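Quick one: the structure is below, and I'll ask about it shortly.
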Amino acid sequence: MGIKAALPKYEIYFYNTVLCLAMFWAASWISEVSSSNVNRKTFKASVKPGYFGRKMDTADFEWMMWFSTFREHILFALSGHVLFAKICSMLAPQFRSLVYMVYGLLAVWTSMGWTYVSLMLSHCILLYSISLVKIRWLCFVAGLCTLATFKCEPFVSWQAGFVEGDFELRHVLFYGGCGFTIMRCLSFALENCERKDGNYSILELLKYNFYLPFFYFGPIMTFDKFYVQANKSDLTRKEREMWNISLQGLIHLGVIIVVDVLFHFMYILTIPTDIKLLKHLSDWALVGLAYVNLVYDWIKAAVMFGVINTVSTLDHLDPPKPPKCITMLYVFSETHFDRGINDWLCKYVYNYLGGKHENVVEELVATLCTYGVTILWLGPCEVVLFWAFFNCFGLNFELWTAKVFSMEPFASFEAAMSEAMSRRIRAIFNTFNFWCIVLYNLMALNSLDFVKLVTKRLLLKGFPITTVIVMFVTYCLIQVIKERERRQALIDDPDPLPPDPPLNAATPTCPPTAAPQAVADSSKEKAE
């Protein structure tokens, strides 16, 4: 059954109404819990005085670093990059990628010291030298071993000693710059292996790696895309492109303000750290808290990458798109919070080993290798291992289920039912899949105790009332998502209009002006 299967309008209206009521109900519960427990001892470390005469949730270090504590430093560095890039684009556009590299090197040198720059250069030279051999597996092994030196002792401590000064962000910038540098160098090495004639110069690698907006915090843009876009000579912009960039920046600013305001009324990050308080929450508040935590993490990633992407778009680059909203995810194959890393893994590991993703064994090998690299990238620990195992299992289970239901007698059963009924049945399965995605990815954001408590309340202690109500609301959400995908599919790939009936001599012909009007009417009817 196709994605364009439609449901009655009244049914879609009903699903939207249920979702709005459920969201309002859960938000009111969380807000009430936040206000009534603001003076708890466990809140003192992360709930601090803010604006509006209220306290603010400051538990997320990354958000506070970007938009509160060190926003002046980040704005200064990015503004300087934009200024120099604009001047260079006007005076010598053919050297703009070189100017990006020089400014990036100077910014890294200023913030982390010359020994850190030397460490990054040594890794670049090492992986560049190995890439000249043009043996793909050797480049991959060398890159992963180099990445492991930033995840395992005593190599981490030894390399961290190269950083000078006591800058408060030194720890964050060290791991961010090192990790992304290795992934970029590995992308360069693998692309150099694919090049038929000659090799890329080491200068191209340095331009790629020391592009400041991507250096510390990503996202990762594969070398083949960066090389083409950073060296293109035509810098003319599309119509209304600058308007769209400005609008994008204003939207990000608006989201930052909204999130900061909500942090004064909903302590969604601090509450999950207090297990005693969580045990006294209602089932609705607990389930809503789990869901809102994932939504916030998506918003954070979308805004942080969005700010960087806005700067890189001003440099005439096409950066990776923001991650897909967790609300829109009901299949494991589309689950990701960093589209840059996701594109990197798909290009060099998952698609390379999995082929067309139709063979069960090839898919298993591809997913195991993909999540193996991801574990190394995130840093091996108990939480990451659990997260990788369950997501890897979910991805493969989707393929196994699709294979089983494509066989007889299931294929005949689905062919015999209407498209609307097939969509409803699929949405039921997607409902359980959705909560698997939520619970599995909640491990990477919160403690295992919080995930266990949510699972227990949702499936055991809250059964059957809480379980049925939550699953029904999720079913409504899945149907709303499918309806949005259906409408987008009609826009992207509209069904062809039926051909006009052949004219014969017996049929009177219409006036010349009637034919265009008929076509316009049928197009309008189809769009509606």
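Yeah, the Cβs are placed from backbone N, Cα and C, and that goes for glycine too.
A TrEMBL annotation is a machine prediction, not a hand-curated record.
From a predicted model like this one, the values you see are computed outputs, not experimental measurements.
Per TrEMBL, the features are:
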- 491-528: region 'Disordered' (REGION)
- 12-30: transmembrane segment (TRANSMEM)
- 63-85: transmembrane segment (TRANSMEM)
- 97-119: transmembrane segment (TRANSMEM)
- 171-190: transmembrane segment (TRANSMEM)
- 210-228: transmembrane segment (TRANSMEM)
- 249-269: transmembrane segment (TRANSMEM)
- 281-299: transmembrane segment (TRANSMEM)
- 384-406: transmembrane segment (TRANSMEM)
- 427-446: transmembrane segment (TRANSMEM)
- 458-478: transmembrane segment (TRANSMEM)
Mind checking which residues of the chain, 6+ beyond the ends of the transmembrane segment (249-269), have their Cβ under 8 Å from one of its Cβ atoms?
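Tertiary neighbours of the transmembrane segment (249-269) are 27, 30-31, 33-35, 37-38, 43, 46-47, 50-52, 54-60, 63, 67, 289, 292-293, 296, 299-300, 302-303, 306-307, 310.
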Take the C-beta pairs under 8 A between the transmembrane segment (12-30) and each of 63-85, 97-119, 458-478. Which stretch has the highest count?
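It is 458-478, which has the most Cβ pairs under 8 Å.
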Between 63-85, 97-119, 281-299, who has the most Cβ pairs under 8 Å to the transmembrane segment (210-228)?
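Between the candidates 63-85, 97-119, 281-299, the best contact partner of the transmembrane segment (210-228) is 97-119.
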